[in-house]
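Let me begin by presenting the structure, written as structure tokens, before commenting on it.
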Amino acid sequence: MFTGIIEEVGKIAQIHKQGEFAVVTINATKVLQDVHLGDTIAVNGVCLTVTSFSSNQFTADVMSETLKRTSLGELKSNSPVNLERAMAANGRFGGHIVSGHIDGTGEIAEITPAHNSTWYRIKTSPKLMRYIIEKGSITIDGISLTVVDTDDESFRVSIIPHTIKETNLGSKKIGSIVNLENDIVGKYIEQFLLKKPADEPKSNLSLDFLKQAGF
């Protein structure tokens, strides 16, 4: 599990595609301080398993489904990537629950500088938009962010200068593709309501109840 608080911006050293999957090597330092083979590191929000490492880089396999569902297949040498180690049991929970399992991608439609922040509008599919709500959590390239507002096909987030400095968002442009992970809580609630057995005793839990409770 991750929290969406980026620890380091690494750089792609090499990405080697082998048929339907790829092997990616990433230059990094901080996330390698206590790494072990088999550990997981989120790369632009994608949970990858470390298959080899040295003092300044690590390698991971990227499966075909991951290449299809995420933007990792578009990365090139020297592309900056957001990195976060899996959360330790005694770590601080600084963002929100992030699984590292990407739901899909979005496209940056607008970048609007403001006085003390920068507004990003992200356009994505209706399949993802159904889980994106005003003031809810969203993970963009592994970064835990709060949704400011939405419309039928896009949503906006406001990024403070510190986040732009400490992540790869400063390198993004209009048209850039980003990985999106919806808040896992909403997905579980939907499945709970849809798959409730017919013979189960009636519960007071409903969408209206959750809305009234502030969810």
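Placement of Cβ uses the backbone N, Cα and C atoms for every residue, glycine included.
Per Swiss-Prot, repeat 'Lumazine-binding 1' is recorded for 1-96. Annotated 2,4-dihydroxypteridine 1 binding site per Swiss-Prot: GLY4, ILE5, ILE6, SER144, LEU145, THR146, SER158, ILE159, ILE160, PRO161, HIS162, THR163, in sequence order. Look at Swiss-Prot and you will find CYS47, LEU48, THR49, ASP61, VAL62, MET63, SER64, GLU65, THR66, GLY100, HIS101, ILE102, LYS135 tagged as 2,4-dihydroxypteridine 2 binding site. Summarising the annotation, Swiss-Prot assigns repeat 'Lumazine-binding 2' to 97-193.
Overlay of Swiss-Prot feature records on the structure.
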{"residue": "GLY4", "record": "2,4-dihydroxypteridine 1 binding site", "DSSP class": "coil"}
{"residue": "CYS47", "record": "2,4-dihydroxypteridine 2 binding site", "DSSP class": "strand"}
{"residue": "VAL62", "record": "2,4-dihydroxypteridine 2 binding site", "DSSP class": "strand"}
{"residue": "HIS101", "record": "2,4-dihydroxypteridine 2 binding site", "DSSP class": "coil"}
{"residue": "SER158", "record": "2,4-dihydroxypteridine 1 binding site", "DSSP class": "strand"}
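On the 0 to 100 pLDDT scale, the repeat 'Lumazine-binding 2' (97-193) averages 94 in this prediction. According to DSSP, LYS135 (2,4-dihydroxypteridine 2 binding site) sits in a coil region rather than a helix or strand. Taking CA atoms as the reference points, VAL62 (2,4-dihydroxypteridine 2 binding site) and GLY4 (2,4-dihydroxypteridine 1 binding site) are 20 Å apart. Comparing the Cα of CYS47 (2,4-dihydroxypteridine 2 binding site) with the Cα of every entry in ILE6, LEU145, SER158, HIS162, these being the binding-site residues, the smallest distance points to ILE6.
Rounded to the nearest whole angstrom, the C-alpha distance between SER64 (2,4-dihydroxypteridine 2 binding site) and LEU145 (2,4-dihydroxypteridine 1 binding site) is 28.
Here the C-alpha separation of ILE160 (2,4-dihydroxypteridine 1 binding site) and LYS135 (2,4-dihydroxypteridine 2 binding site) works out to 16 Å. Within 10 Å of its Cβ, the residue among the binding-site residues THR49, THR66 with the fewest other Cβ atoms is THR49.
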